[in-house]
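Asks: Under the heading disulfide bond, TrEMBL lists 43-56, 46-64, 67-82. Taken from TrEMBL, the feature domain 'TNFR-Cys' applies to 30-64, 66-108. What TrEMBL lists as repeat 'TNFR-Cys' is 30-64, 66-108. Annotation comment: TrEMBL describes 1-15 as signal peptide. Taken from TrEMBL, the feature transmembrane segment covers 199-222.
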């Protein structure tokens, strides 16, 4: 008789023991997408631009406070502190594209003459100055906020000082009836000048012309002086 009673009581005792175990061991709390877990509670998340000021309880909802002093939170959250806003540092080639707001972080972009080396969804984390083409190279593609300058070497009888958008042909001195003083390279143009024989001929012509002018001048002077002397003698006789 006693054994039958024990058989009936045993399942009840087992159930009671399981309930005690469940009270002792914390089971994970599964909350909805608009909630966060704190202890055994599922609390409503704070909206973007706000943080948790006080967690909810069994009887009260979550208390939220706005992000201030250059901080932000851009998603619904259960955080007690806001995230500091990003600083766009000119030292790293960055400038502010969109300022920080309580619900969104600062968006940075490259300074003029820089391009982004670490892009983000809407902006840039780091930038670098555009490369400068060397003498002997031309600029195939100018740098942009997202790409570096593309430089290409000059070939053949052409040159560039590094600032040209295409290599320029060397000056042909003979076509200008000049003598080549220095041949062109990929870094510089040809240097032209007067031929030595032509220069000497010009100098000789100038000297002869000046001598003729001087001789004519001297002849005119003495001719006038002689005429003056004859007139003077006639007046005295």
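Every residue, even glycine, has its Cβ placed from backbone N, Cα and C.
So where do these features actually land, and what's packed around them?
Replies: Taking Cβ-Cβ distances under 8 Å and a sequence gap of 6 or more within the same chain, the neighbours of residue 56 (disulfide bond) are 38, 41, 43, 44, 62.
Cβ neighbour count for residue 64 (disulfide bond): 17 (other Cβ atoms within 10 Å of its Cβ, all protein chains included).
In this structure, residue 67 (disulfide bond) belongs to neither helix nor strand by DSSP; it is coil. Spatially close to residue 67 (disulfide bond) yet at least six residues away along the chain are 49, 50, 51, 73, 82, 102, 103, judged by Cβ distances under 8 angstroms.
Across the residues of the domain 'TNFR-Cys' (66-108), the predicted structure has a mean pLDDT of 97.
Below 8 angstroms of C-beta separation, residues 34, 36, 38, 43, 45-53, 55, 114, 120, 122-129 of the same chain, each at least six residues beyond the ends of the repeat 'TNFR-Cys' (66-108), sit close to that stretch.
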Asks: What residues in the same chain, six or more past the boundaries of the transmembrane segment (199-222), come closer than 8 Å to it by Cβ-Cβ distance?
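Replies: Distant contacts of the transmembrane segment (199-222): none.
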Asks: Neighbour count first, Cβ atoms within 10 Å, every protein chain included; then name which of 43, 46, 82 tops the list of disulfide-bonded residues.
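Replies: Within the set of disulfide-bonded residues, the most crowded position is 46.
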